[in-house]
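**Q** If you look up TrEMBL, you'll see 17-79 marked as region 'Disordered'. Per TrEMBL, the feature compositional bias 'Polar residues' maps to 56-66. Look at TrEMBL and you will find 120-372 tagged as domain 'AB hydrolase-1'. Residues or ranges marked as active site by TrEMBL: 205, 231, 361.
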């Protein structure tokens with residue numbers, strides 16, 4: 001290059017604006033490297049983990065986004081706060097029954113049906129309460145706003161009281177079935193219903209055995225359109241009883257606060273839906289100030305004391321489930337729970353089966369939206385008022401029509 005060319009190029013460069021030096025961005029390089037590593041993830045990880053990871057890998061944070069900043073306040077206290085029953089139900093009922101030896105006041109939650117809408121009657125499992133169906137109640141009424149919900153606390157559970165207190169609580173299947181019939185009848189009287197609305201009986205675990213036994217007994221007559229059983233079948237239930245004491249021995253004997261009890265249910269994945277846990281768990285615990293320890297919130301129901309009744313709850317369940325009158329729905333968390341009798345019945349089309357493999361034992365709490373969709377659809381398929389029957393031959397003859 002000649003001297004003249006060098007002088008010309010120098011004059012051109014000095015007239016351009018000064019550019020800032022290029023700085024090395026370590027955080028951006030790490031983000032790029034992290035994204036590349038995610039794309040090389042192997043197939044051994046779960047589908048949910050892979051989905052979560054791949055979504056994370058596409059995020060490139062800017063300098064003004066404090067993605068890893070500590071949130072203000074105490075997140076545990078905020079997210080573990082109890083949700084009151086009034087969020088889900090219209091009223092609570094206290095229904096008294098008196099016998100020669102005791103008085104029992106059954107506690108139940110009720111939202112009344114409107115017009116000819118159905119009443120979903122809910123019975124919880126052992127150690128649970130009527131509020132275990134709270135989240136499901138909200139989802140059912142989103143899809144069927146005129147529907148009614150009746151969810152009771154079984155004896156020895158929730159806010160149901162027995163006076164005088166019994167040394168040995170009778171939780172036999174026969175007694176629990178009689179209690180359910182009494183609650184339905186007393187609710188009808190209390191609410192001034194001339195007739196029972198169309199009923200869909202829904203039971204979880206032990207509650208599934210109770211509603212099946214009631215449906216098989218036929219004392220509710222034609223009012224029962226059908227019954228739904230959630231995650232319980234005879235074979236697997238009886239097998240699970242052998243490890244029940246082991247499970248109970250691993251459970252905490254108490255909690256320092258109500259919030260810590262809720263947190264344990266979520267962290268242990270006993271209940272996988274935090275909203276449902278914040279609603280249902282408080283009814284499972286009671287505060288005992290006489291306990292001289294930091295764990296004054298203890299279990300309301302002594303599950304170990306119910307052991308004499310365990311086998312009686314489930315023996316013969318599959319046979320009764322298939323033989324009782326009305327529509328039949330079985331919701332399970334896995335097909336491995338089906339025993340031989342139910343497998344044959346399902347192949348013969350004797351009942352509807354829905355499986356939610358992503359749920360735990362508390363299907364209706366883990367997946368209230370999906371459970372509600374199935375149950376509402378089950379009601380619609382068994383709703384007799386929607387049936388259009390052909391005219392009777394005698395009526396056509398009287399009207400002068402040719403047959």
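Using N, Cα and C of the backbone, Cβ positions are placed for all residues, glycine too.
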**Q** Within 10 Å of each Cβ, count the other Cβ atoms, then let me know which of the active-site residues 205, 231, 361 comes out lowest.
**A** 361
**Q** If one measures from the C-alpha of residue 231 (active site) to the C-alpha of residue 205 (active site), what distance in angstrom results, rounded to a whole number?
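**A** Their Cα atoms are separated by 6 Å.
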**Q** Report, in whole Å, the straight Cα-to-Cα distance of residue 205 (active site) from residue 361 (active site).
**A** 8
